[in-house]
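Asker: Please read through the structure below; I'll follow up with questions.
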Amino acid sequence: VATVDCSEYPKPVCSLEYMPLCGSDSQTYSNECNFCNAVVDSNGTLTLSHFGKC
């Protein structure tokens, strides 16, 4: 199972680095920072489906 450590988030600004992750909502997030901010916003209901585009 793919996991991402989101303990250091949310962050106010994410880098433009492109390393896509696919969330459990079938949305592709451009990087770990954007994904983790979305996890925080979802109160932990959003999870990582897999690394790469959805």
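Glycine residues also receive a Cβ, built from the backbone N, Cα and C atoms like all the rest.
Swiss-Prot lists these features:
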- Cys6-Cys36: disulfide bond (DISULFID)
- Cys14-Cys33: disulfide bond (DISULFID)
- Cys22-Cys54: disulfide bond (DISULFID)
- 4-54: domain 'Kazal-like' (DOMAIN)
- Asn43: N-linked glycosylation site (CARBOHYD)
Asker: Rounded to the nearest Å, what's the C-alpha distance separating Asn43 (N-linked glycosylation site) and Cys22 (disulfide bond)? Just drop the number here, would you?
Answerer: 17
Asker: For the domain 'Kazal-like' (4-54), give the DSSP counts of helix residues, strand residues and coil residues.
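Answerer: The counts are 10 helix, 9 strand, 32 coil.
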Asker: Using CB atoms and a 10 A radius, I'd like the single residue among the disulfide-bonded residues Cys33, Cys36 with the highest neighbour count.
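Answerer: Result of the Cβ crowding comparison: Cys36.
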Asker: Same chain only, sequence gap of 6 or more: which residues have a CB within under 8 Å of the CB of Cys22 (disulfide bond)?
Answerer: Thr28, Tyr29, Leu48, Ser49, His50, Phe51, Gly52, Lys53, Cys54
Asker: Taking every residue in the domain 'Kazal-like' (4-54), what is their average pLDDT?
Answerer: 96
